[in-house]
Amino acid sequence: MSDQSYEPLLLNRKNTSKTLDETIERCIGEFGWAQLLQSVLVSLSWVFDAQQTFISVFTDTHAVNEWSLQKQGVSSFLSGLPASSFFIGCLIGGLVLSTLADTKLGRKNMLVFSCLVMSVAGTITSISTNIWIYSFLRFLSGFGRATIGTCALVLSTELVGNQWRGQVGIIGFVCFTIGFLSLPIIAFLNKESSWRVLYLWTCLPTILYSILVHFLVCESPRWLYVRGNKEEFVSTLKSITTRSSLTLSFFGSFFEFEDQEHDDNSNESSTINLYSAIKMLIEKKWAFRRLISVMLVGFGIGMVYYGMPLGVGNLPFNLYLSVTLNALSELPASIVTFFLIGKLTRKKSLLVFAMLSGICSIGCVIVQNDDFKVLQMGFELFSFFSACTCFNVLLIYTVELFPTCVRNSAVSMVRQALVLGGAISPMLVAFGRKNRWFSYGVFGICIAICGLFVLCLPETKGRTLSDTMDEEEYKESVFVC
């Protein structure tokens, strides 16, 4: 592909400069220790994200027993309220906070804020006195948690060039697996203690982590650039580059070249106000079509991804072992994505794994005889493994589908679609205790149907990231799928 393919960034200019993506990659050079440490530190937030997402598997039942709700003949709705409250909080938090990382706060500050809200709310949850206070605090925890994964993914991938973007994105998914896997271990070690202790063990370290991120992590160089913070932009690149300072002299001429554009026309990326990112996504037909399509795909994936671990109690297996096996199945999903993300096309990967997940989920309904409980667990694990792979690929795919000026908002909206599926799943799991068609059956049908919407999206494998809506719109017209 020639340099002419990226002309929208350089319209009406006489020079043949590189796009911002190529410029950053040229200055950063090879993937070095500084970038690795930054990416790992940012990605560690997924550990705490996973713990609070699935902690309900071990705490909600004990809380219900403590408040004698089962003896009062409590409905399935009320017993599933805390878990659903958490996901509803995630949904609302995503809608309220989603654009702040693209506008005022930036990726890093938004990550710190989200971790603090989630961890403080979780700590207070340990002193809940009834189901209503407990559910409200779970809602507040979900509200704060909403943007953690989004900010971590976007920030870590924007710290590196195109060659390593997919692999760096997978680091977060591996950390999520570690967090998920740590839950049954912590729960087992504290099985003689109150469920309240589990919240303290998982939330207090998150507060310490938030402080470390504030002082040790760099802001995204892309975000700094589109916001016009050029000095900090160069300073950040210097701190993570593997090349000599001479390479950075390239930015002198680059900025001189860009200044005229910023003076004559206010760059769309640097004039974004609160919620204008979402407005831009809606106003552009191609962007709106992409957003709706990936959100529908995400809804189906989210229902299985969040619902399966919550529903393992309905299968004839030990709870600790079942959750551990589900957590372990995330690891091969992350490994498969890590090694194949550079080779697999995004569309085909999502379509194939969504279909496999749906088929196996329905298999859990068809095979109900306890004599075949190993086969039931096999279906459940492979369905969850496929959903995990879809989850990983979808988030990386979304990063590639949208330009820098709206990327965080777009990824946030997709995560809200994932969470919406998750918010419905606890109720389906509660009803599925009597009839698995209400849980595993619905899960399988939903992910299979929603997965078909990936056919409406363009392929992004091997393409560089865009920074403005005009640049991506130009690519849309060139790379017609």
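The backbone N, Cα and C atoms fix where each Cβ goes, and this holds for glycine too.
What TrEMBL records for 38-462 is domain 'Major facilitator superfamily (MFS) profile'.
Within its own chain, the transmembrane segment (77-98) is flanked in space by residues 52-53, 56, 60, 63-64, 69-70, 110, 114, 131, 134-136, 138-147, 150, 278, 306, 310, 408-409, 412-413, 415-416, 419-420, 422-427, 429-430, which lie at least six positions past its ends and keep a Cβ under 8 Å from the stretch. Here TrEMBL flags 77-98 (among others) as transmembrane segment.
Panel annotation: around the transmembrane segment (110-133), residues 42, 45, 48-49, 52, 63-64, 67, 69, 78, 81-82, 97, 100-101, 140-148, 151-152, 155, 196-197, 199-200, 202-204, 206-207, 209-210, 213-214, 217 of the same chain, lying at least six beyond its termini, place a Cβ under 8 Å from a Cβ of the stretch. For 110-133 (among others), the entry in TrEMBL reads transmembrane segment.
Positions annotated as transmembrane segment by TrEMBL: 139-156 (among others). Long-range neighbours of the transmembrane segment (139-156) within the same chain, counting only residues 6 or more positions beyond its ends whose Cβ lies under 8 Å from a Cβ of the stretch, are 38-39, 42-43, 45-46, 48-49, 52-53, 85-94, 96-98, 100-101, 107-108, 110-111, 113-122, 125, 168-169, 171-172, 176, 217, 219-220, 395, 399, 407-408, 411-412, 415-416, 419.
TrEMBL lists 168-189 (among others) with the feature transmembrane segment.
Feature annotation from TrEMBL assigns transmembrane segment to 195-217 (among others). A Cβ distance under 8 Å defines the sequence-distant neighbours of the transmembrane segment (195-217), meaning residues of its chain 6+ beyond its ends; these are 38, 41-42, 44-45, 48, 51-52, 55, 58-59, 62-63, 66, 108, 111-112, 115-116, 118-120, 122-123, 125-128, 155, 183, 186-187.
Residues or ranges marked as transmembrane segment in TrEMBL: 287-307 (among others).
The feature transmembrane segment is assigned by TrEMBL to 319-341 (among others).
As annotated by TrEMBL, transmembrane segment applies to 350-369 (among others).
Sequence-distant neighbours of the transmembrane segment (381-402) (same chain, 6+ residues past either end, Cβ-Cβ under 8 Å): 149, 153-154, 157, 165-166, 169-170, 173, 281, 287, 290-291, 294, 297-298, 301-302, 304-305, 308-309, 325-326, 329-330, 332-334, 336-337, 341, 344, 346, 349-350, 353-354, 356-361, 363-364, 410-411, 414-415, 418, 443-444, 447, 451, 457-458, 460, 463, 465, 472. According to TrEMBL, the feature transmembrane segment maps to 381-402 (among others).
Taken from TrEMBL, the feature transmembrane segment applies to 414-431 (among others). Within its own chain, the transmembrane segment (414-431) has Cβ neighbours under 8 Å at 56, 76-77, 79-80, 83-84, 87-88, 90-91, 94-95, 98, 146-147, 149-150, 291, 294-307, 310-311, 314, 391, 394-395, 398, 438-439, 442-443, 446, counting only residues six or more beyond its boundaries.
The transmembrane segment annotation in TrEMBL covers 437-457 (among others). Counting only same-chain residues 6+ beyond the ends of the transmembrane segment (437-457), those with a CB under 8 A from a CB of the stretch are 289-290, 293-294, 296-301, 303-304, 307-308, 311, 314, 346-347, 350-351, 354-355, 357-365, 380, 383, 387, 390, 397, 401, 421, 425, 428-429, 431, 481.
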